[in-house]
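What follows is a single structure, written as structure tokens, with notes after it.
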Amino acid sequence: MLNGLTGFSDAQTPDTRQDLTGLFTEKPQSGEVTMGENITFVAKVNAESLLKKPTVKWFKGKWMDLASKSGKHLQLKETYDRNTKVYTFEMQIIEAKANFAGAYRCEVASRNKFDSCNFDLTVHGEWPYYRKTSTDGNEDSGELDFSALLRKRAVQASSDPDVDVWKILSGAPASEYEKIAFQHGITDLRGMLKRLKKMKKEEKKSEAFLKKLDPAYQVTKGQKIKLAVEVANEDVEVKWLKNGQEIQPTGRYIFESVGNMRYLTINNCSLADDAAYCCIVGEEKCTTELFVKEPPVTIVKNLEDQMVMKGERVELECEVSEEGANVKWEKDGVELTRDESFKYRFKKDGCKHVLIINDASKEDCGHYKVKTNGGESMAELLVQGECRIADLTVKAKDQAVFKCEVSDENVKGTWYKNGVEVKADARINITHIGRIHKLTIDEVKPEDEGDYTFVPDGYAFNLSAKLNFLDPPKIHLDCMGRTSESTIIVVAGNKLRLDVPITGDPAPTVIWTKGEKVITEGDGRVHVETTKGHCIFTIEGAERQDEGIYSVVVRNPAGEDTADINVKVVDVPDPPQTPTIVSVGEDSCVVTWEPPLFDGGQPIIGYVLERKKIKSYRWMRLNFDPYPRTTYEARRMIEGVAYEMRVYAVNSIGMSRHSPASKSFVPVAPTSEPIGLCVDDVSDTSITLKWRRPEKIGAAELEGYGVEYCKEGSKCWSRPPASDEWIPAIDGLTDRTSMIVKNLTTGDKLQFRVRAYNMAGPSAPATLAQPVTIREIMQRPKIWLPRILRQTLIKKVGDTVNIVIPFQGKPRPKVTWSKDGEPLSPQFASVRNSEVDTILFIRKTERKHSGQYDLQVQIENVEDTAKVMLQIVDLPGPPEALKIVDIWGFNVALEWKPPKDNGNCEIVGYNIQKADKKTMEWYTVYEQYRRTNCVVSDLIMGNEYVFRVFSINLVGFSTEPCQTKDSVYIQKTGIVYKPPSYKEHDFSEAPKFTHPLMNRSVIAGYNATLSCSVRGIPKPKVTWYKNKMDITHEAKYRMLSKQGVLTLEIRKPCPFDGGVYMCKAVNDSGEDIVECKLEVRRKYPAWHTVGPVVVIFYSRLMNIHSNQINILSVFCLLLANLLSMHA
């Protein structure tokens, strides 16, 4: 299929894109979208008449399948409505880009049916760089390049908007492409080359055509189509070809020339006009394809219902819209054919189609349907034979009427009951009106039940019917109602079978229901069955949801009866809730749990508990008799071992499944009390306490410490102390062995204690020997200078300096920093002080930060001081006055002076390097050289050298070297070597094909390739021709070249693509060509290949001579050719 299908009609220019088979109920429409917004295309297909689920494909351009491009910017969806039997297919484009614009196509297929629809997408807005893969220069065609959606690749021409990079690239040689791309920030070289190639292609325009033919046209059979092309020269003559053959003007083919426009009009299009058309102007041509579709055949006149007598002739007639159309006849959904007895005959008369049935019988009754590819019609046929009587079922005192219709109103007859003639009386009335014979019985009694027969006079057959007397139904069941005495109890998992006796004539129908749900007969777990005199209700493996009220209704024409049965299903209880460990001891724990949500319909007797070690798989039962309560103390456990607990519930039916296991727990005892509790510091509002870990921790981890205090005079000072008077110092626990208790009242006398906590709870408290009075204690100031700061601190320029110096003193001392006797400025360095230390911070050091820093800590008249030496070092400057002192043999003596700037630290050496003046590659001669003069030896005669020196200090090499102003040439003596001259060899070679093209025969619709190989120096230029016409720029072909192997790929060839293909290779030394023939065959069975194989196999089986095999093979080939020509 091709996009851009257009055409012309008689009066106007309609869209010729029509349904091929009418599968679409809603087609995707062309749309417009702004760049960055979303758009959705919808297609709907009615699947009511389809035998298989339809498959849909979405295409961009000619053949790009979008199914593989689903992702961030493209989503394909499919839904199905079971009520309307309509499939909805959606293609959603998200955040549209400019390169999404173009022609799209939607194709739907189901078995032998196919349909397609074309639509366009227009994207508004500008986008600087996008690519279309169109090769025919048509703006509306081409493939959507989704590669940009899969990899984010920004191709920016330049940061300067005034520079047109593509203009620069188009005028530059190929050798400069990489340099220009690097200068302007283009990283995708492959994408850049593709775009340049496309730009060069777009510059080449057709000289003969201003507007070429559209890629394809489509027209309905019987209509006309106009193909239009615009030429550059209005006086030029054009030729029109059909499948390569020139078209001569006739009544059907009309040529028109209006200015620069040239038209080809095809009237009354037929299927033979479905072909490839070509317009030739001089050496140029443009091609298109014309698709002719048949209109659907509709039914103009529908079939009519008929009723005939047995043995008569039946003719079912309909009329269709087109003569000679094929129709299909069906009877009750089964296709009718001409059988051996010629039961059915099919007749065609122009647009009329007739189905003839000779000698109609009862078997011919039914629904007859005629079908076309555009519609269908159905009618019902009824065949009546001799008269018949229907059986009657009546209640007491009702009226019974037997009615018989005969074919002739003159036919008389007699009524019989059980072989005895029926006589008319006050209750029985016998009438004969026309062809109708009636026997009427008023106020029917039980004795009227029997077989009634009507015997026509003069005929050797009779008609019989039965009169049935109705008896109301009755249910005979003792356990009816909803009381506890009438409840049927069944244990879950057991089978429940209720055999309910019932009576009634005729046999009543039985309906079992539970609530509003009807229980049907079948093989399910809950099912019912009805036998004579009984209805049986069965539950296989009763479950909890089977519990409830079941209703049984018996009904016949005489009445109905109802009964309710209450079924209760009892079961083991649900498992209890997850148990919770309340507390643990050294070898015990207390566990509690919640009762189960459902007791199984019986009271809970008790519970059974189990425990296991975490690392074990064996559960051990703790009690064998049901435990009645929901709290249990488990003993005899090992301290330090992790356990789990679970619980079972027990009722009279049995034991439940186990509950979920509890959280793991460890039986542990509390730790011993903390040791060494003492006061570390006291202020006016706080106190600092310290202690050590308990000596005995136990098996459980230590969770933390709790600190408490109480005031003097409270109950905690009594013996024994009252626990409710202790005040927690903090909320929760602390894991440290020290604490500062703040916000205390000055002068209070407090007692403190500390307890250790683990899983088992708090330990015994550790208490201070005596109470503490909250009051500040005087302490002399003291600086604790770190050892590393007692010597000079060396830092590089740009490093960060963070000096932390702790001190002590109470109350809080005053801290002062100075540098070289001057107060320290906040802009020069940052200082942060706390109660226990001071920090000197320099974010980025410079040379000026070097010097002595003095720290003073003072409380009133008492002070303490310390000093810190800071040295900021940098790279040294280059050495000075490097000169060449002497030259002898292979040696050079150098001398220089130390650098003026040593980087604020000692020069530790010099790095001497030499370089050959030809290559200027530097090589190190001496590293870490201490002196300011040296001798460079082992120089090479005939080379010219220069030298340079770097200075080195603690930081590193100087940024710039000191280089000698003059070079040194090492003299050499000897004979000058003159190399011989040789004539340059000519390696050029004319092109030559080392492997020719081979003749090929391929099947239409499958990709084909032609291959050959060529050699030549320089690399020859290769051109492909079809029928001596250049096909280099044809989109249908793809040319590949790799290591001298040339390949021509033909995408889905058709018979029109057959012909002579030529490959031509040209370079400066000459040229060479090679040809082959390509035959494109239509899709039909390959009889000519199957025949010889069968012959060879049969000959080997029968031991036939080889000469006889050749004769048989030739015969099979001739037979296959005849069959293919016939097909």
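Positions of Cβ are set from backbone N, Cα and C atoms, glycine also.
In TrEMBL, the region 'Disordered' annotation falls on 1-21 of the listed ranges 1-21, 64-84, 568-588, 841-861. The domain 'Ig-like' (207-281) scores a mean pLDDT of 88 in the predicted structure. DSSP assignment over the domain 'Ig-like' (991-1079) gives 3 helix, 58 strand, 28 coil. Each residue in the domain 'Ig-like' (207-281) gets a DSSP state, and the totals come to 3 helix, 39 strand, 33 coil. Ranked by number of Cβ pairs under 8 Å to the domain 'Ig-like' (207-281), the listed stretches 473-566, 675-777, 781-869, 991-1079 are led by 991-1079.
Counting residues per DSSP class in helix, strand and coil order gives 3 helix, 67 strand, 65 coil for the domain 'Ig-like' (295-429).
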